[in-house]
Each structure stands twice: as C-alpha cells, then as structure tokens.
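Only one structure is covered here, and it is reproduced in the block below.
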Amino acid sequence: MKQSLLLSFVLLLLSSSSLVTPIHARNKSNPAKSPVGAPAPGPSSSDCSTVIYSMMDCLGYLGVGSNETKPEKSCCTGIETVLQYNPQCICAGLVSAGEMGIELNSTRALATPKACKLSIAPPHCGIITSGATTPGASPVSPSAGAPTTSPSAAKSPETSATSPSSDETPSMTAPSPSSSGTNILSVPALTIVFVIVSSVAYISAFSN
C-alpha cells in the first residue's frame, strides 16, 4: 500500500514537470529574425564603364551647338548597346561627360533612341548636373552659394556626427530565447527532486 502510494506520488510529480517542457520548446523555436536588407542602389558611372564608351560616336551629334540633324549609324549602335545593358547608363554617361568638361545636349541625348528608331524606351534622368547642359543653359558654378553659408549650417555635420542614437542603437541585442527557457525549467526541476527525496526519506522512516 505504501509502495503504491509512493509510486503514484512520483508519477504525479513527473507528469506535472512535463507541463513545463513545452514552454521551453516554444521559446527555443522562435529564433530572432534577420533584418531586411536595404534595396540595391542604381548603377553608377563605374558600373557602366564597360558600355559607356559605346556612345563616343555620338559626341558630334550630342555636343552643344551641333549642326548635325540626325545621329550616325555607329552612334545608334552604341546607344542600343547601352540601352540593352542598362538604360540608366545613359544618365551616367551624361554625368561623366560633364565631369570631364564636355558639354552635351541632355535633351537630345535622351531623344537619341527615338531618333535612331529603337524600341527600347530612354531613361528618365531628371535634372542632369556636373556639366551636362541643354542649349542656352550655362553650367552653375558649385562655389556660387558658398559665401551664403551660415555658421549654424557649417556646424550641423559635426552635430549629426556626434549623435549617439544612430551609432549605439545597433549594438543593443535582445536576450536569447533559449536562456529564458532554461530559467523556467531550473526551479521546477529542483523542486521536484527535493520533493521526491523528501518523500522517499519520509516513507522509509515511517515504514521502519
């Protein structure tokens, strides 16, 4: 009778301890999600360097003040090569030409695919700077607005560079889910072992 009572009591304790196990399993099955990657930026002039020189034959047609009425066949072939690689490389080519001091008619450059009767649509380059201009437009000097810079505007990069919010936030990490599951199991397990040992000692002393 006493042995059966002891066995029933031990089985009851073991069954109650099994209720804690799913909590640990649920905590362990929820790993931290990886952050979503930022979208890739558009192609730069260095990415388009393999095809950007295909437009060299178009310089005579695209130059500011050019008298040519239509692009040459070699120019159309080069434009088609650039469009097949990446249409945005035309924009990169206009910017690169401006950086080298070559003034091009950006409006005519974007209309060249249509003039060459190509089926690929030209890109939307927006406002082209760095020397690529339309007829009658003069390039804007980058130093023109320098004297109007206020002292507060000059100090703003230093203030943003010393801000701790953007640099220190990524270093904060959330606690591992597995460690919380271990803490949940440790206290009930020790309690069960203590109760079992105490019960066996009590029943053994009572039977003697």
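Cβ coordinates are placed from backbone N, Cα and C, and glycine is handled just like the others.
Residues annotated as signal peptide in Swiss-Prot, with sequence analysis given as evidence: 1-25.
The feature N-linked glycosylation site is assigned by Swiss-Prot to N27 (among others).
Residues or ranges marked as disulfide bond by Swiss-Prot on the basis of similarity to another entry: C48-C91 (among others). C91 (disulfide bond) falls within a helical segment according to DSSP.
Residues or ranges marked as disulfide bond by Swiss-Prot on the basis of similarity to another entry: C58-C75 (among others). Listed in sequence order, M55, D57, C58, Y61, T112, C116 are the same-chain residues six or more apart from C75 (disulfide bond) with CB atoms under 8 A from its CB. Classification of C75 (disulfide bond) by DSSP places it within a helix.
Marked as N-linked glycosylation site by Swiss-Prot on the basis of sequence analysis: N67 (among others). When other Cβ atoms within 10 Å of the Cβ of N67 (N-linked glycosylation site) are tallied across all protein chains shown, the result is 7.
Residues annotated as disulfide bond in Swiss-Prot: C76-C116 (among others). Cβ neighbour count for C116 (disulfide bond) (all protein chains, 10 Å cutoff from its Cβ): 20.
Other Cβ atoms within 10 Å of the Cβ of C89 (disulfide bond) number 26 in total over all chains. The feature disulfide bond is assigned by Swiss-Prot to C89-C125 (among others).
Under the DSSP three-state reduction, N105 (N-linked glycosylation site) is assigned to strand. What Swiss-Prot lists as N-linked glycosylation site is N105 (among others), and the listing cites sequence analysis.
Among the features that Swiss-Prot reports, region 'Disordered' is placed at 136-181.
Positions annotated as GPI-anchor amidated serine by Swiss-Prot: S179.
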Rounded Cα-Cα span from C125 (disulfide bond) to C91 (disulfide bond), Å: 6
Rounded distance in angstrom between the Cα atoms of N67 (N-linked glycosylation site) and C125 (disulfide bond): 24
Distance check against C48 (disulfide bond) for the recorded positions C76, C89, N105, C125, keeping those with Cα within 10 Å: C89
